Every structure is written in structure tokens, then in C-alpha cells.
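What TrEMBL annotates here:
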DOMAIN    B:1-357  domain 'Aminoacyl-transfer RNA synthetases class-II family profile'
BINDING   B:ASP71, B:LEU72, B:THR73, B:ARG98, B:GLN114, B:ASP118, B:ARG267, B:TYR271, B:TYR272  L-histidine binding site
Protein chains: 2
Amino acid sequence: QGTRDHAPAAVVLRDRLLAAVVGCFKRHGAAAIDTPVMELREMLVGKYGEEAKLIYELQDQGGELLALRYDLTVPFARYLAMNKITNMKRYQVAKVYRRDNPATTRGRYREFYQCDFDIAGQFDPMIPDAECLKIVHEVLSDLQLGDFVIKVNHRLVLNGVLAVCGIPESKFITASSVVDKLDKMSWEEVRSEMVGEKGLSPEAADRVGDYVQLHGGLDLIEQLLQDPKLSQNKLAKEGLEDMKLLFEYLTLFGITGKISFDLSLARGLDYYTGVIFEAVLLQQENDHVEEPVSVGSVAGGGRYDGLVGMFDPKGRKVPCVGVSIGIERIFSILEQRLEASGEKIRTTETQVLVATPQKHLLAARLKLISELWDAGIKAEMLYKKDPKLLKQLQYCEDTGIPLAAIVGEQELTDGVVKLRDVATREEVRI
Amino acid sequence: QGTRDHAPAAVVLRDRLLAAVVGCFKRHGAAAIDTPVMELREMLVGKYGEEAKLIYELQDQGGELLALRYDLTVPFARYLAMNKITNMKRYQVAKVYRRDNPATTRGRYREFYQCDFDIAGQFDPMIPDAECLKIVHEVLSDLQLGDFVIKVNHRLVLNGVLAVCGIPESKFITASSVVDKLDKMSWEEVRSEMVGEKGLSPEAADRVGDYVQLHGGLDLIEQLLQDPKLSQNKLAKEGLEDMKLLFEYLTLFGITGKISFDLSLARGLDYYTGVIFEAVLLQQENDHVEEPVSVGSVAGGGRYDGLVGMFDPKGRKVPCVGVSIGIERIFSILEQRLEASGEKIRTTETQVLVATPQKHLLAARLKLISELWDAGIKAEMLYKKDPKLLKQLQYCEDTGIPLAAIVGEQELTDGVVKLRDVATREEVRI
């Protein structure tokens, strides 16, 4: 359930997509690492908040207790701590596993790829954070997925807002996770969940509502820095100063047009400590696709300065910020677009089919194809002793092989090969 | 236990290796598929013989009972049956999982890559089988791993041998698995295990010994076809006729020099039905490496005509033959060779570092690097507001970045960039 096989055409499409993403990561100077699909269970405990119940565990068959990785961020932090690395720009493209109830029609699965880029190290504030946002902008632009917006918030701003609204600190995580639903629910629904299920006071909820429905750019940051309550809160002020600097850098990158400072963005994972962000595709008004793919989050990330320290025996911290591109949804969109275009993807790269026009020439085909392979040429032949020429040419047309190298009795006698262009039917003897 | 992280240099080396293997598979016209890392447990039952105890199971957390894939052959057969595909040439490169007690020093792990190429379909005999052997020959030659031999046998020949020697059919699998150890143990040891642990008669064991210690080429096949006992056995005769045809095709491919018909080769997996083979690297006599990597099997495969039928509700068979390249051992060898050579692998591909020679120029760097990224140029900068020029140039030297694009106050005024060749220190204003 929630997994799938990829047929050859899907693999080709996916590989194109991954190549674009990895190309962007390499453009930003990242090196690749690879970690095992399983981690010690204890490594994953306490990192994912409420979502931890979705972790796949391996059976206890003796030895260590293991689980499948839930994301690539925790393994990266574990890798840094284990190897005492304090400075690294890395990417990793790999599958992760979540025992979710997946809506596979919307491109959500239990086994899915993540493409992560992270910058670890103690640096001047917001420079790496701005680069992560630039990367999201580049990937989504490169892939021509249509309009998008990157929502940005800051955990300290959010915590500051909750504090000045009178939410007790013990309820910060609960309140944040409800506020985070503002992208899918109306404020009335969010408010009623805060007051009802979560037991927050109606007054506090209303005060929170005044803030978390705000979104904007540098102007909003300036406005909040002047806000009588927020400007008095140490957390909020620190977060807003970060945001101001971030927007300054994003302006230099020329990408603020797609960035929205959104006070409702919370993101579920426990480990974020600073800037957080999420990219969302926007459905175009004149989009008339037959089965519209639900438009949702296609990338997300943020700063997690405490995670590496959790894996270090001495608790040494390594500040990190990173982005994860969720390629499955993008893949669904590209797959649908390809289908609509009617383009047929070639699933092999064969350059030439070695063919014979008469019987009893298998030996000639085997000798010639062997020569071609040894010369690095991508070549196929039919696995029949005496195939009909028509069948052989038909195979070329079906699979997109552009050339047929034909050896008949005459060609053998003359020491030549007849090379046929399958599309034009032109032939040359070489 | 038995898993490892790959650091960036290892990933680069591994990617080179995989590219060579995949390049060969594509040269032979294969298309890629991808299957989930987990399979239904019931799919893996009864496919692996004694080795099944090494399967990793996932915990029962509700829902389907799952296990991690043990190889790529069973998932491929399941894929063919599920999709009713009767004809396909596919490759798959992916990690597989075995709860072995791994000797990691010899390149054996619990999580390791396999690179599989398989041909499914009803074809004329031995043509696809010969191509699989050609592929092994190409991969091992391309990678320049030194001398190697590809041992070939046939399950029917082996079964025929056991039959004419008086081994009861119920003991064929047991006897085969002991005989298979002849590559690591002497005949005396193998014989004593057959007679002692496995309870075969000493006379039968001796008769078996006369056959399974044989190896050779076409001459041996001819000799056995004349063998008074074997030639009377239907299984053996059919297998030997296959082998004769196979050697004819391998002769046309020009690769018989590396092929050895070895009657002791059995291979452990239950699903093989015809030709089986295994490639072994040969240690050179004048090899004086400091820590010699144990030389062993680096590729294997064979024909499995019954496996797909086990997954089809109506038992419809699809004959298959395939090869699996075990890249972990090859990787260990290449890693050791690289270390001996002293070559330093670049782990990033950055073309230019954007640098500033004075303070207060962060904005200029951010603007320039953004322009470079947008133009598709691989560029980095230090994440400091005011880094020293020396530090920036040192970073280029440490990480192999060939160029520095320097913007100072003068350059800003003049509207130029100073491009510096890091190695030669030559500079041009552009």
C-alpha cells in the first residue's frame, strides 16, 4: 500500500527531474553523501513531533533495533555528529518512508524521494538561509511548473506572537500545529479547534488570529517591528531582525516577488529553530487540465540549530539550514503534462539494430553486434535465429531505434554492411 | 552493523563505477525500472533456499506484512507477472538487504548495491544467455580490474551428474550446495561434508568428485557428451547441448578465453533452472598491495524460467536470464587503488568562487553570484560578511575551484569583474 513500481518511461521522466534538481544543488557547490536506508530507532526518537507515529520499524530479529529513515535531515545531522564535521554543504537524493495514509492520486506515497540540500556551519546570519530560498526559486523556475509562492516565517516570531497573545509556553507546539492549518482551513475553523480541542482561551485565540492572518513582505516586517506588543518581546524582535536581513539578501537575489512572509506557517517538525519556509504551486486561473493534480507544497525547509547537538555525546551544536524538494508531486505534474502533450518517451538509447535479411546468418549478426558493443555503440538484435527483416525493422520503429545495420549474403561476400535510416529508408553500404 | 555512510569522495567514486555499469547495460538496449525497497513478505518466501533466513522483516504495525528486498531478481519477476509482461530487457540499480554476518573488510555489507540486467521472453536458446556473459565480460574489462574468469555451469548438467552418480533427487539441492564450496575448500573437505553432515554414500560422493572437479571449454563439453553415463541421462544431455550452443555463441563474441565450464558451480538460489555463472577476479602473482582486498565473486547470474510463473495467478511462465554485478567488492578495489595512487577526488564541481578584497561588499558578492547561478554557472561564496581575500583564495585551493571572480571597490566603479586563475594567479578584468 502506498508504494509503486516505476515503469521505464516513468524512470526516464523521473531521472530528468532528478537531474535538474541535482544540477541546481551542484551549481551551489554541494557535495553528495549517502546514508543507509535504516537508522537506529533511538536516533529517530523525539525528532519528528506528532509525526513520529508514522515511522516504519524493522522487526526485532536480534541485534540492533532499526527503523527506516523518515527524512534525510536527521541522518545528515547524525552523520555530522558521528564524523565531528562542523562545516559542510551537502546534498542527498534518496527515498524516505512514512506509514501515512497516502492519497496516491495527489502524489503522496509511503515510499517517496526527497532531494535535500543543507548548509551546516557557524556563519554570518541569514546568508545560507537566503541561499536555500534562492535554490527553491531556481528549481521551481527551472522546471517551469507555473506560478508559485514561497512562504517564509521564523519560529522565534511565531513563538513571540504566541507569547504576547497570552498562550502558555507549554502550548506553543500545540497552538503552532493548529495555526499551520490556515492554508487549508478558514480562520473560524482554526479558531474553533484552538478553543475546543486544544483548550486555549477564546481571547488568546482571537489575539493570535490578528497576527497569523497577516502576510506580506518587507513592509510587514517593518510594521511588526513597530508593533507595540511584539517589539517588546525578545524572541519576536530577534526573529523579525533576522527576517529583515533575510529580505535584504533576497532583494539582492531579485526573488522577493515570489516570497511571502506568512505568520501562519509553522511546519510540523520539532527540530526547526529559526527561519522556516514552504513553497506552494499556484493553480492558474486558466488551467483546464482534465484531472487536475491537487496543488500543494513542493518544497520546504528551515533552520535547525539544535539537531546535530542531539547526536553529539558532548552536545556540541552545529547550526544548519536546509531545503527539501518534494519531487513526487512535481513528478505527478510532469507526468500529467507529458500525457497531455502526447509525447512518447523513449525508454532505451539503442542507436542501431543489427539485422539480417536471410536465414542462417545468426553468426554474422553475433559477430557484428559484438564489434559494435566493443566500440561503445549501443546496439541490439532480435533473439531469434532467423527473424524476418520486416519484424526487425518493425522493432526499430516500435522502440525508436534510428538505424539498422543489415548484413545479408551479398554484404558478407563484399565485406560491407548496409546501414539503413529507419525513418527515411535511405541506405548506404559502408 | 554492516551498513555504512558514504562520504562525498566515496559517492563520487561509486557514481563513476555505477555510470560504467549502467553505460554497459544501456549499450545492450536495456530499459530501467524501479521497484519499492519493501515487498510483501509472502512474495519472498520460497525463493532463496537456505539463505531466506537472512531476509529483513518489517515490524507488524498493522496492514501488510513486509520485508526488505533481498535481491532485484524476485522483484523483477513479480513486476513482470503483475503487469503481464512477457518480453522485456530491463536493468535496475538499487540497494538490497541481507541480515548476514558481514565481513565488511572484504566489501560485504548488510546493505549493498546490486546492478542487475535481465532478459525476459521466449527466444531461441542461448542467445540471451550468451549476451549476459558478454555483459559480464564487458563490465569487468571496462573497469580494468585485472584478470578474471567467468565460471559457467548448467543446472541440468549438475542435476544429471548427481543423478548418474546415484544421489537421490531429494538430496540434489543439499549435494549441490556442498559441491559449490569447491572454490573455497579442497575436494577432501567437500567429500567429508557430503558423507558426514549430509549423509551421502562415500561411493556416490567419489563418483560425484570425478565429475565436479572438471573444468574446461568446448573440449570438455564434447568429452562429456561422449561420456558413457552422462550421455544416457536426459537432463545432462539437454544441458550439455545448451552448453555447446552457448560456447559457439561465446566464440563468435570472442570471449571464450575468460570462460570456464566448471562443473562444481551450483549457486545457492533455488530459482535457477538453466545456465548459471559467476565471475571471479584473479589475484595477480606480482600484486603487492599493502592490504590485499580478498578476491572473490564480483558478478553472477543465470537462467530462471520458473520464477515469474510463481507470481502469476495462472502460473504462466516467462523464461528469464540475467546477471547481477556486485559492485561493492569492485568498489573496495577501486577505493584501495585510488588511495594507493594518491589522487585526490574533487567532491564538488564549482567553477568559480565569488570573492571580495575589501569589507562592506557582501551586497556586491550576492548580486554577482546570483547572476552567475541564473546563467547556469556553478558558483560559491564564503558565508561571511567580510572574509579575508586570502581565506577566499585558500578555499579555492582546498576545494579545487579553478577560478575566483573578484569584485572590489575599483571593479564596482569600473563596472568590471577581476577573474583570477587560482593555479597560475593570472588575472583578467572582464
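The backbone N, Cα and C atoms fix where each Cβ goes, glycine too.
Mapped onto this structure are the features recorded in TrEMBL.
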{"residue": "B:ASP71", "record": "L-histidine binding site", "DSSP class": "coil"}
{"residue": "B:GLN114", "record": "L-histidine binding site", "DSSP class": "strand"}
{"residue": "B:ARG267", "record": "L-histidine binding site", "DSSP class": "coil"}
{"residue": "B:TYR272", "record": "L-histidine binding site", "DSSP class": "coil"}
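Set side by side, the binding-site residues B:THR73, B:GLN114 differ in how many other CB atoms lie within 10 angstroms of their CB, and the most is found at B:THR73. Put simply, the two farthest-apart Cα atoms among B:ASP71, B:LEU72, B:THR73, B:ARG98, B:GLN114, B:ASP118, B:ARG267, B:TYR271, B:TYR272, the recorded binders of L-histidine, are 21 Å from each other. Around B:ASP71 (L-histidine binding site), the same-chain residues at least 6 positions away in sequence with a Cβ under 8 Å from its Cβ are B:TYR48, B:VAL96, B:GLN114, B:ASP116, B:LEU269, B:SER324.
Taking the binding-site residues B:ARG267, B:TYR272 in turn, the residue surrounded by the fewest other Cβ atoms inside 10 Å of its Cβ turns out to be B:ARG267.
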